[in-house]
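Q: Annotation comment: Swiss-Prot describes 218-281 as NADP(+) binding site. Among the features that Swiss-Prot reports, N-acetylthreonine is placed at Thr2, with the record citing experimental evidence.
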Amino acid sequence: MTLTKETRVTLNDGNMMPILGLGTYAAPDVPKSLAEEAVKTAIDVGYRHIDCAFITGNEMHIGNGIRSKISDGTVKREDIFYTGKLWCTYFSPDMVRKGLERSLRDVGMDYLDLFLMHWPVSLKPSGASDPSDKDKPFIYDNVDLCATWEALEARKDAGLVRSLGVSNFNRRQLERILNKPGLKYKPVCNQVECHVYLNQNKLHSYCKSKDIVLVTYSVLGSHRDRNWVDLSLPVLLDDPILNKIAAKYNRTSAEVAMRFILQKGIVVLAKSFTPARIKQNLGVFEFELKPEDMKTLESLDRNLHYGPFREVKQHPEYPFHDEY
């Protein structure tokens, strides 16, 4: 199938997700206004899939960017596929609605196209919220993931969410949701870190067998925010083999890294706040990697997580103790 910026995948609930989206995470020291301008640029050049999260603290700015492009007639609300995420401190069933409504309010929308459980680890709101919060520790909670899922299903029934999914779940955790008695809605996707150094082949195969779309963040090897990433890890885009293949196609290493994942049938979220790069990333639809180059890139897998969220490694639901 020829891939274009208009290509969408059909989710198991019948809704459609664009195969390329704009990731909007930014380190705390990055001005929030840049997110708003990035969204405007992305929509202007053809992106229709915008991914955000409560924990990034910029949903209000993302929403401003989207609404400005709706106001000027560039797009209609129904043209945009917007993803939000329920943070781990809102997993208690009685908190799910509050978490969703906060995101809806901040982004200025009546509904979200997709809402994800951000990580499978529940945290108490009295503790730290994310790794940048150095003043207090994380306090683990023991909320049943299935109970959170049931509360999310109720929000979908209420019309506040079009599709439901998960993020950073392993196979065992997905199976618990899928095997839940009385399940109303399957997760439509599992959003995970995935790139040349972490190809996620086993998890991808499992998700495909269950009609769950794999969506990838950190496709370029992650940002270099020391709150989340070990800065001693190798820089993916500097990989000599990746760069050799990029030169062969007269493309950037970033374009090849993204095209590799797209050709595997995985939805890509490309994070950039630089207008030129946002536009350049659409170049992934202008070429196709040959089978031998796909095979070479597959061989670079190191099972390397740039963002393993080690601060919650002792949580009983920490996902990366399992093989996949």
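Just so it is clear, glycine is given a Cβ too, placed from its N, Cα and C backbone atoms.
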Q: Within 10 Å of the Cβ of Asn250 (NADP(+) binding site), how many other Cβ atoms are there?
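A: Result for Asn250 (NADP(+) binding site): 8 neighbouring Cβ atoms inside 10 Å.
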Q: Does Thr274 (NADP(+) binding site) have same-chain partners at least 6 apart in sequence with Cβ under 8 Å from its own Cβ, and which are they?
A: Ala38
Q: Which residue, of the binding-site residues Met258, Ile266, has its CB surrounded by the fewest other CB atoms within 10 A?
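A: Counting other Cβ atoms within 10 Å of each of the binding-site residues Met258, Ile266 gives the minimum at Ile266.
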Q: Return the count of C-beta atoms lying within 10 angstroms of the C-beta of Pro234 (NADP(+) binding site), excluding that atom itself.
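A: Total other Cβ atoms inside 10 Å, all chains included: 12.
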Q: Between Ser218 (NADP(+) binding site) and the residue listed as 'N-acetylthreonine', what C-alpha distance do you get in Å?
A: 24
Q: Between Thr2, Ser218, which of the recorded positions has its C-beta surrounded by the fewest other C-beta atoms within 10 Å?
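A: Each of the recorded positions Thr2, Ser218 was scored by Cβ atoms within 10 Å; lowest is Thr2.
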Q: According to DSSP, which kind of secondary structure is Asn250 (NADP(+) binding site) found in, if we only use helix, strand and coil?
A: coil
Q: If one looks at the chain holding Leu242 (NADP(+) binding site), which residues at least 6 apart in sequence have a CB under 8 angstroms from its CB?
A: Val196, Leu236, Ser253, Val256, Ala257, Leu297, Leu300
Q: Do me a favour and check the Cα-Cα span between Pro234 (NADP(+) binding site) and Thr2 (N-acetylthreonine); whole Å is fine.
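A: Pro234 (NADP(+) binding site) to Thr2 (N-acetylthreonine), Cα-Cα distance: 33 Å.
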